[in-house]
Amino acid sequence: MSNVCFLAGGDVCVSGHDSGPVFEEQPSSLIYPEGLTEGKVILSCQARASPAASYRWLVNGTEVPLGLDLRYTLVAGSLVISSPESVRDTGSYQCLAINRCGTIVSKAASVKFGYLNDFPTDSRSPQTAYEGAGTFLACRPPPHYPALSYRWFINEFPNFLKNEKSDGRWFVSQVTGNLYLAKAEQNDTGNYFCFTTINMDISSKSTFIYSPTLVPLKYPTNPRKSTPSIKVRFPAETYRLAGQTAQLECFAYGNPVPKLRWRKVDGLLPAKSGSSVEGPTLTLPDLSFDDEGIYECEAYNSQGSDAYQGRISVQAQPQWLQVMSDSEVEISSELLWSCIAAGKPKPSVRWLRNGQSITRLKISNLALEDSGMYQCVAENKHGTIYSSAELRVQVQAPDFRLNPVRKLIPAARGGQVKIECRPRAAPKPSLFWSRGTELLTNSSRVTVAPDGVLSILNISRADEGKYTCFAENYLGKANSTGHLSVRDATKITLAPSNADINQGENVSLQCHAAHDPTMDLSFSWNLNGVMLDLEDSAGSCLIQAGVYTCTAQTVVDSASAVAKLVVRGPPGPPGGLLVKNVAETSVELRWSRGYDNHSPIGKYVIRGRWPSNIEGNAESARVIGLMPWMDYEFQVIASNILGSGEPSMASHTVRTQQAAPTVAPSGLGGGGGDRHELIITWTVSQYQNGDGFGYILAFKRTEAPTWTTLKIPQVDSSRYVYYNDSLSPYSPFVVKIRAYNCRGEGPFSQIAVVHSAEEEPTLGPLGINATALSAFEIQVSWDPIHQLSTDVLLRGYEIRYWRQHEREAAADRVRTLGQETSARVSGLRPSTRYHVAVLAYNSAGTGPSSPRTTVTTRKPPPNRRPGNISWRTDDAWVTVRWDHVMALHNESAVLGYKVLYKHEGQSTLKVLDKSRSTVKLLLPKDNSYVVLEIRSWGEGGDGPAHEIINGSPSYLFGLPLHLLSLLVLLALISPAGL
């Protein structure tokens, strides 16, 4: 009878020749732009099968009318939809791959259509906000699919806000598209546009709308300061799939602009959140179940703080933990396939046979028609996965052609042998053995197992001969014969000896054996059961430390001998490191002894800066000198006379107990600010020692009897602004600061003296004078101010200068420090009239302007180099001549020339100021050289230079030109103003 499987319908799947379909490509979901009717949607499908598979497609469970609707085309197995339309083609698509061995169904792929409508054309009224107050501009995006990304620009495209604003005042929500402003300022006035973009698989689209004009209103006094108020909040419950990215948004109004920070309430913030932990959007990529929990956003400034919390819940699509595999089973047997899938929520599992649902997959008394393609389907609300396998039910008379009994079966005398009998047959055949004409039955030496394996123990020469296996089922009979040949046993004649060495030493282990001379002998070594790769065919090897087994082997038997090699070395790592009895500044460590490597442990060392001489018989230690409320992890290292071992595994991270602060904040100082303000600053403390950390600030006027004390409950605060209308300018205050937490208060810092904000100068300088030095530079001088009051400090003077046709508001500025009463202003334009004014300044600002004066820069120097350079040498002299440079009518007159030169061995350049167009220079007697550069000068400054090292002679001044070219570089680095 032929070996075949039958499918329902009569088609035949030939075993050993045919194979059922296996997907190599499956369709993927896509979003197609709505209205793009000239394009095509392509859903891929390709299966490996023999014979080749044919294909059908389903949409929403209904067969796609291939051949009836010309919009649908099948290319290989892929479905192509021409001129796709949203109404007709939106849906869930599946591919069916079919051949005579069975049918499989692909995963589902959705086809959806994306769109972005235009914004409505209705106008929006101007929007006002008080200076210092928060506000937002609504985007109100038009209908769209899928989600949009949002940006805003101001006044004109592409002046996007993210490039304009870097002070943390602005935030664009990617959930609503709204633009939020933490604190309005006068320069925020402008026309704002909401810019939206949609991204699809083959294209993207953008549109924008003119939002209200923003008009900040000025307060009659300084803008009011305010505590943060969170206005953009992430959902109270956020669901994401494992592997996805979660983005939580948080933004607050407040003055000063609030800072934002994130934390995980019920654990440590994941390290993958990176720099986003201090911004308006917390980004958590590649989510895992460890990332589940409650997250908090805190907004804080010098006036206070606000916080908001929400939970992230992580779920998961189905994933296979166990799948079925292709099976060939005998007719009338039983099949039980199983599939196990993980996911959250827990997936349900169902089964398909040749694409059709079946209730369960347990088949008793298998028949030929049960052959086919089976699929296990696991699904939850987040997705569906498929696993496929082929079942072949076999029927066959016994046949030894593919697996006969071995023709020659060697065996060692005194050993044992197993002879297999494994014919192909279905159903399973009855098996029995004979030796010659004698039927074998079970005895003390001979056993015939149910699976047909013949075992013979304690073999002798009398067991040699022919052995035949007979197989029979209801379809027929067959047999196969082999010959058993008995050989001499293999024996170890020289076994390796035990040895005891120190780590790093070598030892030689030898092994010899006797064997049957008709067979080849091979040796192998293994270390603790692991085979070693040795090239010494003589059976001996040079090895290092270990425990070894030598095996001598022929094709019929083997013999082994074991040698134990004791290796003395540094200890192994201690185990089971635990942290106990955690206190404020100490913990107790406990561990178990590691392997001593045959040398007693002398001591333990706790990795870090803690006590390091712990007796070798100890298994615990007290670690002291820790900081309260700090995270620590520990490792212990054992050592002996042979060295230190590997450290233990790190302990779990522990946090020491809380304690009152012990260190006062440092860096106390301050000053500056606006009128009527006292600004106090300090360095953020690194030693919080506990939860509920903050600062206690105390200050008073130097002559006042009592201190003003206040609490600042922000961990990262480093600045406090005290405002009082009655505060006199530059008044001295004494200040001190201490830290506190939930366990108490720490010591006060040393007292520092801080002055209140200065008052800007009330007088302007007099005696202003401006003189043109060249075409590009002027000198400005003025009389010093002496009549400043005691509460007005003078930091320096500010020079303002602007061209005659410009407004003073556009003036450039140069500042001096201290009591300097003159300064040079450079970078000016030639032949240009400038207005100049001088103002006194300090940290509060600038005082009134001096009377303005005017100055005109000189004409520019001639724009031509000295030309027609020539030179003549005479003994130890070189004379250089050039043509006089003539100035044009719009250039300043030439008053002389500057000559730059350098002798060999000298490190400095020299300048000659000449009124004539010739120069005579002395040449040293040691055949050295001179490098020259010549430029004109006059009232307008220096003209361009002419380097004399550009002539054609091979040698100049006795030096080759290739060396002179190196020295030209030295001439070129000289300043143009020489």
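Placed from the backbone N, Cα and C atoms, the Cβ positions cover glycine too.
TrEMBL lists 846-858 with the feature compositional bias 'Low complexity'.
The domain 'Ig-like' annotation in TrEMBL covers 21-112 (among others).
Within the domain 'Ig-like' (120-210), the DSSP-based counts of helix, strand and coil residues read 7 helix, 40 strand, 44 coil. Annotation source TrEMBL lists domain 'Ig-like' at 120-210 (among others).
The domain 'Ig-like' feature in TrEMBL is assigned to 228-313 (among others).
Here TrEMBL flags 318-392 (among others) as domain 'Ig-like'. Model confidence over the domain 'Ig-like' (318-392) stands at 90, taken as the mean pLDDT rounded to a whole number.
Taking DSSP states H, G and I as helix and E and B as strand, the domain 'Ig-like' (398-485) has 3 helix, 46 strand, 39 coil. Residues or ranges marked as domain 'Ig-like' in TrEMBL: 398-485 (among others).
Break the domain 'Ig-like' (490-568) down by DSSP state and the numbers are 0 helix, 45 strand, 34 coil. For 490-568 (among others), the entry in TrEMBL reads domain 'Ig-like'.
According to TrEMBL, the domain 'Fibronectin type-III' annotation covers 573-659 (among others).
The feature domain 'Fibronectin type-III' is assigned by TrEMBL to 664-759 (among others).
Taken from TrEMBL, the feature domain 'Fibronectin type-III' applies to 764-860 (among others). In terms of DSSP helix, strand and coil, the domain 'Fibronectin type-III' (764-860) has 3 helix, 50 strand, 44 coil.
Packing against the region 'Disordered' (845-868) from elsewhere in the chain are residues 760-766, 768-778, 782, 798, 800, 804, 828-839, 882-883, 885-888, 890-892, 894, 897, 917, 934-946: each is 6 or more residues past its ends and has a CB under 8 Å from a CB in it. Residues or ranges marked as region 'Disordered' by TrEMBL: 845-868.
Spatially, the domain 'Ig-like' (21-112) is not adjacent to the domain 'Ig-like' (228-313); fewer than three Cβ-Cβ distances between them are under 8 Å for residues at least 6 apart in sequence. In terms of DSSP secondary structure, the domain 'Ig-like' (228-313) contains 11 helix, 48 strand, 27 coil.
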